[in-house]
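According to Swiss-Prot, the features are:
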{"type": "SIGNAL", "residues": "1-19", "note": "signal peptide"}
{"type": "CARBOHYD", "residues": "ASN45", "note": "N-linked glycosylation site"}
{"type": "CARBOHYD", "residues": "ASN73", "note": "N-linked glycosylation site"}
{"type": "CARBOHYD", "residues": "ASN107", "note": "N-linked glycosylation site"}
{"type": "CARBOHYD", "residues": "ASN118", "note": "N-linked glycosylation site"}
{"type": "DOMAIN", "residues": "125-176", "note": "domain 'UPAR/Ly6'"}
{"type": "CARBOHYD", "residues": "ASN132", "note": "N-linked glycosylation site"}
{"type": "CARBOHYD", "residues": "ASN172", "note": "N-linked glycosylation site"}
{"type": "CARBOHYD", "residues": "ASN175", "note": "N-linked glycosylation site"}
{"type": "CARBOHYD", "residues": "ASN185", "note": "N-linked glycosylation site"}
{"type": "LIPID", "residues": "ASN215", "note": "GPI-anchor amidated asparagine"}
Amino acid sequence: MKGILVAGITAVLVAAVESLSCVQCNSWEKSCVNSIASECPSHANTSCISSSASSSLETPVRLYQNMFCSAENCSEETHITAFTVHVSAEEHFHFVSQCCQGKECSNTSDALDPPLKNVSSNAECPACYESNGTSCHGKPWKCYEEEQCVFLVAELKNDIESKSLVLKGCSNVSNATCQFLSGENKTLGGVIFRKFECANVNSLTPTSAPTTSHNVGSKASLYLLALASLLLRGLLP
C-alpha cells in the first residue's frame, strides 16, 4: 500500500514538472503581449506556437496574432520563421512565427526584419494585393537586394471569423520557407497559406530594347558623313 502511494505521488510530481504553459490568444487588431500564460491541455503539451501578421496595406488584415499550445515538435529549441513582402515603398506585409519546444515563446515583435539593402536595378516583380479572391493584377516593382518574387494567398482566422489576403510582391523570404510552403494549403503558425509561390529574380532576364532604329540611325549618320566628305573634297582646290 505504501509503495502504491509513493508511486502515485511520484507520478503526480512528474506530471506537474512536465506540464507546459503557453500564452493562448487569438486576436484581430488587439495585441496579445499582455496575455498571461495558462496550462496546456494534455493533447497539446509539447511546444508553444506564437505567430503574428501585420501590414500597412488597405485591407482588413492590419494586425493578427495567434498563440497556442501544440503537439508539434519544433525543428530547433526555438525556431523562428519571418519574412516581409513589399508591394511599394510604403506598403508591406510582415509575417513571423515561432515554435518554442517545451517553453513559452517570446514576443514575436522581437523578430525584426534585417535592414533593407539597395534597390537592384534588374530585379522586378509584379506587385498587388486584394482582400479576397485567388489572384491580383500587379504592376512592376523594383526589388531590394536579396529579395525574390512571391505570390501568396493566406487565410487568417479565429473562432469567429476568417479573413483572406492575396498578395504579390518582392520578399526576403528564405528558400527553405518557400520550399516548405510551396504547393497549397500549408499551415504555419496557425495561418493557412492556400498558395505560396516563389521566383528567384536573379533568374529573370530583363527584356532587351529593340535596336533596329538605333542601327538604322547609325548607318544613316555614317552615310551623311561620307557624302559631306566627298562634297568638301570636290569644292576644295
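Indices start at 1 and increase along the chain as displayed.
Each residue, glycine too, has its Cβ placed from N, Cα and C.
Note that this is a predicted model, so its numbers are computed, not measured.
Following the DSSP three-state reduction, the secondary structure of ASN132 (N-linked glycosylation site) is coil. Listed in sequence order, CYS198 are the same-chain residues at least 6 apart in sequence whose CB falls under 8 Å from the CB of ASN175 (N-linked glycosylation site). For ASN172 (N-linked glycosylation site), the nearest of the glycosylation sites by C-alpha distance turns out to be ASN118; the candidates were ASN45, ASN73, ASN118, ASN132, ASN185. Break the domain 'UPAR/Ly6' (125-176) down by DSSP state and the numbers are 2 helix, 32 strand, 18 coil. Looking at ASN45 (N-linked glycosylation site) and ASN73 (N-linked glycosylation site), their Cα atoms lie 10 Å from each other. When the glycosylation sites ASN73, ASN118, ASN132, ASN185 are ranked by how far their Cα is from the Cα of ASN107 (N-linked glycosylation site), ASN73 comes first. Shown in sequence order, ILE192, PHE193, ARG194 are the residues of the chain, 6+ apart in sequence, with a C-beta less than 8 angstroms from the C-beta of ASN185 (N-linked glycosylation site). Comparing local CB density within 10 A for the glycosylation sites ASN107, ASN118, ASN172, the maximum falls on ASN172. It is 32 Å from the Cα atom of ASN118 (N-linked glycosylation site) to that of ASN132 (N-linked glycosylation site).
Look at the Cβ of each of the glycosylation sites ASN45, ASN73, ASN132 and count the other Cβ atoms within 10 Å; the largest number goes with ASN45. A gap of 33 Å separates the Cα atoms of ASN73 (N-linked glycosylation site) and ASN132 (N-linked glycosylation site).
In the predicted structure, the domain 'UPAR/Ly6' (125-176) carries a mean pLDDT of 92.
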